[in-house]
Every structure is written in C-alpha cells, then in structure tokens.
Amino acid sequence: MLTFLSNLNNMIIMNDVPTPYGVYFQDSATPNQEGILELHDNIMFYLLVILGLVSWLLFTITRTYSKNPIAYKYIKHGQTIEIIWTIFPAVVLLIIAFPSFILLYLCDEVISPAMTIKAIGLQWYWKYEYSDFINESGETVEFESYVIPEDLLEDGQLRLLDTDTSVVVPVDTHIRFVVTAADVIHDFAIPSLGIKVDATPGRLNQVSALIQREGVFYGQCSELCGTAHSAMPIKIEAVSLPSFLEWLNEQ
C-alpha cells in the first residue's frame, strides 16, 4: 500500500516518472536539471519569436510579389539583406551558446562529494558499489539491480522501471556517481536528476548530483546495448539522512 501511494505521489504530485504520451520534462530534483529546464524554456521563447518573425517575412514577401510578378525579375542583388541574414543568426547562436557552455561546465563540475557511488553497466542489469562504506564483514557495500518481471509486479509498480533493489541516497548531499561498464557501452540516465553519462568499458566517467527533495526517481539505460536493452532500469530512492544511515546499517 505504501509503495502504491509513493508511486501515486510521484506520478500526480511530482511528475518523476514517464507517462503515456508525455512529451514534456519530468519535474527537476537537482540544480543541474533546474538549469537545463530554464535554459530550454528561455531558448524556446526566443525561437518562437524568431519563428514568428520569419513566418511574417515569408508571408509578406510572398503576398507582395504575387501581386507584381514583374518586380522580382529586376532584383538581382541585395547586399544589405544578405548581411542581415548572415549576422543575425550568428548573434542568435552566440546568445544561445554562452549560457549553454556555462551550464555544461557546471554539470561536469564535481564539487566536494560527500559520498561516491559506482554504477557498473552489464548485459542487462546494473551493479552498484558504495565505495565509502564497509559492512560488518569488511567488504564494500555493493549489490546488483534487476528489472522486476511483468508477472511479479505489485500494485503501483511500473513496468520496465521498477527494480528488485533500489539505490538509496540521502537528500541535500553532494553525491558523485562514477559510471563504467563491464561488457558493452551502456548509458546511465535519470531525467529528473539531470543525469546522463555514458558507461564505457575500460573508462570511468563521473557526474555529481545534489538531490533536493525526497522521492523515487526512475531512469533507464539510454544506449542500445543488446536484446534486453529495455530491461535495464534505474531506481533511485532519495531519503532523509537518518533514514539513509538506517538503511546503510542493514546492509
């Protein structure tokens, strides 16, 4: 029942999961994703203005010259208009590029992480290691995460998204994800957290996240990696620090 209510909250109150025919962003839970959404919205506004301007020009020119089919035959060259349609798009691209570069730099920057989680992609599941924590037997806390088969799904669980084991993390904590793969190229992607990083064999890629609210966040492998590519979901549970420590003691 609690699982059902939690998923209902995520789907209705917080849009943290994919929905049928959803062509929009999921609600952000990290500063990185908030920056991505803000950049997208700002760019879309100016693109709509440009679209309206270009459409108006095309309509005006078409209407004007359709009334006088002779005029365009004597217009062979227009240096002014050529300069305008060369410089104006270049300026627009520069305006878009600068905030994009700033956001890209901030997303790649790993700021004094309080903990590190290693995510290893394999065909076709994920393996996680909490490198900073050791259990009672002196081993690193680690586990594997598999998709729950359709015939074993419980009420409120999501097809091809829920897993048998979740990655539990504390909120308001700088977390570094170190991502790699053991066989082929995978991709570690969680839309609500603004995370998307390649998992490449023999290479360690890293990305940071500061989750600002509790909740359950879903992701998937976003790189075609074989026949069961769709069966590599990612499930992140963000909880309070006391709840995280309690979970950690149980491992």
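For all residues, glycine too, the Cβ spot is worked out from N, Cα and C.
Note that the coordinates shown come from a computational prediction; the quantities given were computed from them, not determined experimentally.
Annotated signal peptide per Swiss-Prot: 1-15, in sequence order.
The topological domain 'Mitochondrial intermembrane' annotation in Swiss-Prot covers 16-42 (among others). Here the topological domain 'Mitochondrial intermembrane' (16-42) has long-range neighbours at 7, 10, 99-100, 103, 106-107, 158, 161, 191-195, 209-213, 215-218, 238, meaning same-chain residues at least 6 beyond its ends whose C-beta is under 8 angstroms from one of its own.
Taken from Swiss-Prot, the feature transmembrane segment applies to 43-64 (among others).
What Swiss-Prot lists as topological domain 'Mitochondrial matrix' is 65-82, and the listing cites sequence analysis. Averaged across the topological domain 'Mitochondrial matrix' (65-82), pLDDT for the predicted model comes to 68.
According to Swiss-Prot, the feature transmembrane segment maps to 83-107 (among others), an assignment based on sequence analysis.
Positions annotated as topological domain 'Mitochondrial intermembrane' by Swiss-Prot: 108-251 (among others).
In this structure, His186 (Cu cation A1 binding site) is part of a beta strand by DSSP. The feature Cu cation A1 binding site is assigned by Swiss-Prot to His186, Cys221, Cys225, Met232, with similarity to another entry given as support.
Under the DSSP three-state reduction, His229 (Cu cation A2 binding site) is assigned to helix. His229 (Cu cation A2 binding site) counts 17 other C-beta atoms within 10 Å of its own C-beta, drawing on all protein chains shown. If you look up Swiss-Prot, you'll see Cys221, Glu223, Cys225, His229 marked as Cu cation A2 binding site.
Glu223 (Cu cation A2 binding site) carries neither a helix nor a strand DSSP state and counts as coil. Same-chain residues at least 6 positions away in sequence with a Cβ under 8 Å from that of Glu223 (Cu cation A2 binding site) are, in sequence order, Ile185, His186, Asp187, Asp198, Ala199, His229. Swiss-Prot lists Glu223 with the feature Mg(2+) binding site, giving similarity to another entry as the kind of evidence.
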Residues that sit under 8 angstroms from Cys221 (Cu cation A1 binding site) by C-beta distance, when 6+ apart in the chain:
Gly121, Trp124, His186, Asp187, Phe188, Ala189, Ala199, His229, Met232, Pro233, Ile234
Measure the Cβ-based neighbour count of Met232 (Cu cation A1 binding site), defined as the other Cβ atoms within 10 Å of its Cβ.
28
Excluding His186, Cys221, Cys225, Met232, which residues of the same chain place their Cβ within 8 Å of the centroid of the Cβ atoms of the recorded Cu cation A1 site?
Gly121, Gln123, Trp124, Asp187, Ala199, Gln220, Ser222, Glu223, Gly226, His229
For Cys225 (Cu cation A1 binding site), write down the residues of its own chain that are at least 6 apart in sequence and whose Cβ falls under 8 Å from its Cβ; none is a fine answer.
Gly121, Gln123, Trp124, Val184, Ile185, His186, Met232
